[in-house]
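Each remark here refers to the structure printed beneath this line.
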Amino acid sequence: MTTRIPAIYKGVFLYWDPPCALWGVGMCLFTRDFLLNTFFPSGQAYTRDAAHDILLYHQAGALIGTIVLNAGLLRYTKDIGVWKFAQAAILSIDLAILAGLAEVFGREGRLAPSAWQAGDWVGIAITVGVSLVRLAFLAGVGFQGKGRKIE
């Protein structure tokens, strides 16, 4: 017996996630000041240091991992269990990002959406959106069939 994966999941995991992650890699590696600036309120001064850089390299590595999983592994396998493990792993990254944003925004007094900058809105919307898709996928929402193999 096989399982048919709904098109929304294939679209998000195979075609939306990899370019978004690649964009994030580029920002983490090549436009670090711009990226960090999006996390500070307008007009607030900050100084990028080596600690920021190493964390951005770590984030770039995590994003490269998501590219390998979604653009490579999911196209290679027909096992639904592998798809679920991959999405659970990537969901853990998404949730860590959201938890970090909540903690930092809370300390800065910026938890209210009215205090967010444009970059905050984009990053949060994308991360929350794909997290909800991953949760729905892991819960089996919209699936047809109950097999381990993918149609």
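We number each residue from 1, going along the chain as drawn.
Backbone N, Cα and C atoms are what each Cβ position is placed from, and that goes for glycine too.
TrEMBL does not curate its annotations; it predicts them automatically.
The feature domain 'DUF7704' is assigned by TrEMBL to 3-141. Mapped onto DSSP helix, strand and coil, the domain 'DUF7704' (3-141) counts 111 helix, 3 strand, 25 coil.
The transmembrane segment annotation in TrEMBL covers 12-35 (among others).
The transmembrane segment annotation in TrEMBL covers 55-74 (among others). Through the fold, the transmembrane segment (55-74) approaches residues 13-14, 17-18, 21-22, 24-25, 28-29, 32, 35-36, 82-83, 86, 89-90, 93 of its own chain, all at least 6 residues removed from its boundaries and within a Cβ separation under 8 Å.
The transmembrane segment annotation in TrEMBL covers 81-101 (among others). Beyond its flanks by at least six residues, the transmembrane segment (81-101) meets 5, 13, 17, 62, 65-66, 69-70, 73-74, 120, 123-124, 127-128, 130-131, 134-135, 137-138, 148, 150 of its own chain at Cβ-Cβ distances under 8 Å.
For 121-143 (among others), the entry in TrEMBL reads transmembrane segment.
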